[in-house]
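**Q** Quick paste of what Swiss-Prot says about this protein:
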type: BINDING; residues: 15-20, D57, 118-121, 178-179, 211-213; note: ATP binding site
type: BINDING; residues: T19, D57, E118; note: Mg(2+) binding site
type: ACT_SITE; residues: K40; note: active site
Amino acid sequence: MSTALSVFVTGTDTEIGKTFVSAAMLHGFARHGLRAAALKPVAAGAYERDGIWRNEDADQLDAAANVALPPELRTPFLLKAPAAPHIVAAHEGVTLDIDTIVASHREALTRANVVVVEGVGGFRVPLNDTQDTADLAVALGLPVVLVVGIRLGCISHALLTADAIRQRGLTLAGWVANHVDPAMSYADENVATIRDWLAREHRAPLLGRVAHLRPAAPESAAAMLDIAALVDTLRRAQH
């Protein structure tokens, strides 16, 4: 059995900075002295460069990790169109298979001390006719970090997602407040409300508040996260 740590990163929605926070976590783990690798099992939206199909989110994770995984291991399912994965997969003749992703994760654990698995979109994004990303998280059996995009509506989105994580029998290891809307009114009060509710109902700590950075710099955001607390939680989850 592998002693490597691993965490599943999900979000309250798409386009709320899940990849950015995952990259910040990778930088943080590396600074903590860990060999950190990233898995982006399903990526929708690809571009071609030098005859190779790539994905911007996967590129960002590669740049942050200090352990490089082969592209086919890091992203076993790379879809060309930037749309809902199960729809794109059907059009491209691809079957998004959870067992393949689990096997990729198992191999990644042999190459690093910690593996950050970034989901796609929110917590319940269909992968095929019968399975979604919540099923993937269950199959991997990992603690979950929830990235909350701090914008209007984030309180309900955060609480609903946390409930869904618990309903699947998974541990919410903590959450990150990512300030995606610099003009949002009462941002501090929104964060405080989510913090209090998730602590009371799920014992899930706030792992950090990531400021709205321009330009985006995950290496700077890493300093805004409590990586030591997250490492402790992941180690406890192994026992």
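The backbone N, Cα and C atoms fix where each Cβ goes, and this holds for glycine too.
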**Q** Return the residues near E118 (Mg(2+) binding site), defined as same-chain residues 6+ apart in sequence whose C-beta is under 8 angstroms from its C-beta, sorted by sequence, else 'none'.
**A** V9, K18, T19, S22, A38, L39, K40, D57, L61
**Q** Using the CB centroid of T19, D57, E118 as the Mg(2+) site centre, which other residues of the same chain sit with their CB within 8 A?
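**A** Going along the sequence, the neighbours appear as K18, F20, S22, A23, K40, A43, A58, Q60, L61.
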**Q** Count the Cβ atoms, other than its own, that fall within 10 Å of the Cβ of E15 (ATP binding site), considering every protein chain shown.
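**A** So the number of other Cβ atoms within 10 Å of E15 (ATP binding site) is 10.
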**Q** I'd like the Cβ neighbour count for T19 (ATP binding site), meaning other Cβ atoms within 10 Å of its Cβ, all protein chains included.
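**A** Here the count is 26.
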**Q** Of K40, H179, H212, which of the recorded positions has the most Cβ neighbours inside 10 Å?
**A** K40
**Q** For the binding-site residues G119, G121, which Cβ has the most other Cβ atoms within 10 Å, all shown protein chains included?
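**A** Neighbour-count leader: G119.
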